[in-house]
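Noted in TrEMBL for the protein shown:
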ACT_SITE  157  active site
ACT_SITE  192  active site
ACT_SITE  266  active site
ACT_SITE  269  active site
ACT_SITE  292  active site
ACT_SITE  301  active site, O-(3'-phospho-DNA)-tyrosine intermediate
DOMAIN    8-93  domain 'Core-binding (CB)'
DOMAIN    114-314  domain 'Tyr recombinase'
């Protein structure tokens, strides 16, 4: 099933909810686009059932989820769908006098929880050594080096990276959601749920950032919008870099480095968490740096750490049973 055409206008209540999330909750454009897609699925399903949105009940929502699941939507995808629908009705229901939220209590099928993919320290080093600034001085190459060093140094989400400003900016046209502080060697980011946190930046990333900032103006157009003018990382046309460009550049460099797995930005976040936990053994500190609301989310990295210890045991212990 495909949602409504992406350019079709949303019903007024849905459009108003998205504006509320943007202006009052400071949700990122990436998150809002995802919610917009999920709301279009709800419209499509309601139209097929020949019911207006305010007449949908809990049973209808369960049927919709079952239909999407049968069509191949996985548990994680359905969980995102339900989060969007639930959030919309939670905001809208009181304004029109609905007795309750029809999405309340509806859960996506459980997914087997796999381990996050993380690179080894050696693989991460090979990737960052392969980044183009090692062999080039063009602005785009220096930008890529700075982005990838920062992703690994600070464990940022992709949306947090592209949302960074060069420095804190506040004007009538633009206010920073996240920004770099070279003086304090940290980035301040706005994470999930509108929660702001400060994350330290390592020396290698700071050096790469300074090299990029020295040439950043070469990509900055003279008549940029307030948002683009404030952005830390710029694309080829001088606009704030898009998540897709970051993904493509990282995948290309990882392939050139000969890494055996597909590398996307979140792999560097996972690698950061795994390597810091292996070194410091401080789960609470890793939780704070990643911006996890619940420490149980962070605890999955202890399983990665155990895998690392198990491999070391197999390789080193005389009674591990390895054949020479």
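Quick reminder: no glycine exception, Cβ is built from N, Cα and C everywhere.
Straight-line distance linking the Cα atoms of residue 266 (active site) and residue 192 (active site), rounded to a whole number, equals 15 Å. Figure note: comparing Cβ neighbours within 10 Å for the active-site residues 157, 192, 266, the maximum is reached by 157. In three-state terms derived from DSSP, residue 269 (active site) belongs to a helical segment.
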